[in-house]
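What follows is one structure encoded as structure tokens, with my remarks underneath.
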Amino acid sequence: MVKPFFFRNHPAVPSLEERIEKIKKENVPAHVAIIMDGNGRWAKKRSLPRVAGHHEGMKVVRKITIIADKLNIKVLTLYAFSTENWKRPKKEVEYLMKLPEEFLGIYLPELVEKNVRVQMIGDFDSLPPHTRRAVRKAMEDTKDNDGMILNFALNYGGRSEILSAVKGIVRDVNLGKLSLDQLDEERFSSYLMTHQLGDPDLLIRTSGELRLSNFMLWQMAYTEFWFTDAYWPDFDEHCFLDALEEYQKRSRRFGGI
Ligand code: FPP
């Protein structure tokens, strides 16, 4: 339910605050993951360069972080760059690698102030040094915050994460630190980058694409999916609440009845 701006102040249309008020506090997803898609198409529709869409998308990251925190969501994971995104034109990759710096350069003080903790999953070591510096600083400056975790999936791939976990397990088995009998789903999860974050309860993907794109493949076994046609730069707090309201109507059975 994306409402045009001019309807939002109309008394018949619930305001953001009214909608937030109606969210059932006891059934808020603890972990929300988002595939922020459609930046390029948003820009193309406006005859702008693709990177203009990424830049606009960065502002939406702030908006959604603030409302997620307000709703008491514990972890917000945002897919900012996949291991496959290196295939994009060099200039676009360079721009995407500068975005964390720009985002954190502007908003880190606000995140610190809001008690948000910044974390990252993905291959940190293969990021350019300037991106590593910005992300490391944000993680360091917010490490004592115990509010919402804003977790960027950056240079992240689900298959590669699973493969690393398997390698870690084989290594520990060979070292005698782990026996195969001890290996169960919980133990396997402890070798993943998300071991302290838990599995997402809700996945949101924007821009009308209906696929996972190598995102948290193990972790999404029982995640609720919610898709919208809105491009990420057009996504806003009302769209986020649409997703949450729908989530609260779902019955999660985890394979039971
Ligand atoms: C997918 O849209 C989007 C990305 C690959 C980048 C996502 C990055 C942001 C939203 C910016 C915020 C990032 C940080 C770190 C604050 P697309 O380019 O594939 O869009 P298209 O499918 O329309 O071409």
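From the backbone N, Cα and C atoms, a Cβ is placed for every residue, glycine too.
Under the heading Mg(2+) binding site, TrEMBL lists Asp37, Glu224. The active site feature in TrEMBL is assigned to Asp37. Look at TrEMBL and you will find 38-42, Arg50, His54, 82-84, Trp86, Arg88, Arg205, 211-213 tagged as substrate binding site. The annotation active site, proton acceptor is assigned in TrEMBL to Asn85.
Structure coloured by features recorded in TrEMBL.
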residue: Asp37; record: Mg(2+) binding site; CB count, 10 Å: 24
residue: Gly38; record: substrate binding site; CB count, 10 Å: 25
residue: Trp42; record: substrate binding site; CB count, 10 Å: 24
residue: His54; record: substrate binding site; CB count, 10 Å: 23
residue: Thr83; record: substrate binding site; CB count, 10 Å: 18
residue: Asn85; record: active site, proton acceptor; CB count, 10 Å: 18
residue: Trp86; record: substrate binding site; CB count, 10 Å: 13
residue: Arg205; record: substrate binding site; CB count, 10 Å: 23
residue: Leu212; record: substrate binding site; CB count, 10 Å: 16
residue: Glu224; record: Mg(2+) binding site; CB count, 10 Å: 17
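In the three-state DSSP reading, Asn85 (active site, proton acceptor) counts as helix. Closeness to ligand 1 is met by Asp37, Gly38, Gly40, His54, these being the binding-site residues among Asp37, Gly38, Gly40, His54, Arg205 whose Cβ falls under 6 Å from the molecule. Cα spacing between Trp86 (substrate binding site) and Glu224 (Mg(2+) binding site): 29 Å, rounded to the nearest whole number. For the pair formed by Gly38 (substrate binding site) and Asn85 (active site, proton acceptor), distance between Cα atoms is given as 14 Å, rounded to the nearest Å. Counted within 10 Å of its Cβ, the other Cβ atoms near Gly40 (substrate binding site) come to 21, all protein chains included.
In this structure, Gly38 (substrate binding site) belongs to neither helix nor strand by DSSP; it is coil. Cα spacing between Asp37 (Mg(2+) binding site) and Arg205 (substrate binding site): 7 Å, rounded to the nearest whole number.
Cα-Cα distance from Arg205 (substrate binding site) to Glu224 (Mg(2+) binding site): 11 Å (rounded to the nearest whole number).
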